[in-house]
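Notes follow the structure.
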């Protein structure tokens with residue numbers, strides 16, 4: 001007889017212990033999850049992420065900066081027209097800076113085409129441009145006579161080499177990892193929203209999990225004593 005109240009007490013404790021899980025279910029707000037999904041969708045509609053846009057701006061800066069240095073070099077070495085004819089029309093690999101400018105144009109076209117227009121999410125394009133740039137500049141510095149033509153013989157190859165490797169670092173350590181993290185967050189939010197849609201507030205009520213109040217410890221014994229007394233009277 002004493003085991004019955006204990007069993008009912010355990011049942012009541014288990015029902016009370018299940019209430020926090022119900023509160024957790026009711027605390028899920030699908031509206032907030034849908035708002036986050038809409039924010040991710042608006043980012044996708046932009047066509048390009050913020051970090052990728054910054055990368056494309058830096059690639060554009062690479063081209064413009066090398067072009068500016070080349071124009072300054074043309075103006076310093078006897079005027080733009082005369083030096084331009086000498087370096088372009090009468091191109092000489094050993095003394096011309098025109099190929100370094102073309103190398104910057106090459107990097108700009110490949111990287112913008114791959115990561116802005118095609119939205120490539122792999123490192124092979126930047127690896128190709130950086131490898132070509134490094135090999136060409138190292139060969140030109142070793143074979144050509146640029147180092148004997150003044151400060152631009154040092155500045156243009158070094159600046160072009162550094163910018164190419166900065167672009168590689170920025171894409172590999174900033175652009176691709178951040179976009180991968182955003183994709184993982186989007187998948188998690190969509191999964192949570194799908195689960196929350198199945199457990200919206202109102203579908204589950206506390207009445208469905210009603211537990212009767214615990215009876216007093218001596219109530220069962222008193223009822224049995226009353227039944228015995230009634231039988232004795234009869």
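Glycine is treated like the rest: Cβ placed from N, Cα and C.
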Open item on the list: If you look at how TrEMBL annotates this chain, which of 124-146, 193-215 comes out as transmembrane segment?
Closed with: 124-146
Open item on the list: Among the residue ranges 30-51, 96-117, I'd like the one that TrEMBL describes as transmembrane segment.
Closed with: 96-117
Task: Intrachain neighbours beyond the transmembrane segment (55-76), with Cβ under 8 angstroms and 6 or more residues off its ends - done: 48, 83-84, 87, 97-98, 100-101, 104-105, 107-108, 111-112, 115-116, 150, 152, 155-156, 159-160, 163-164, 166-167, 170-171, 174-175
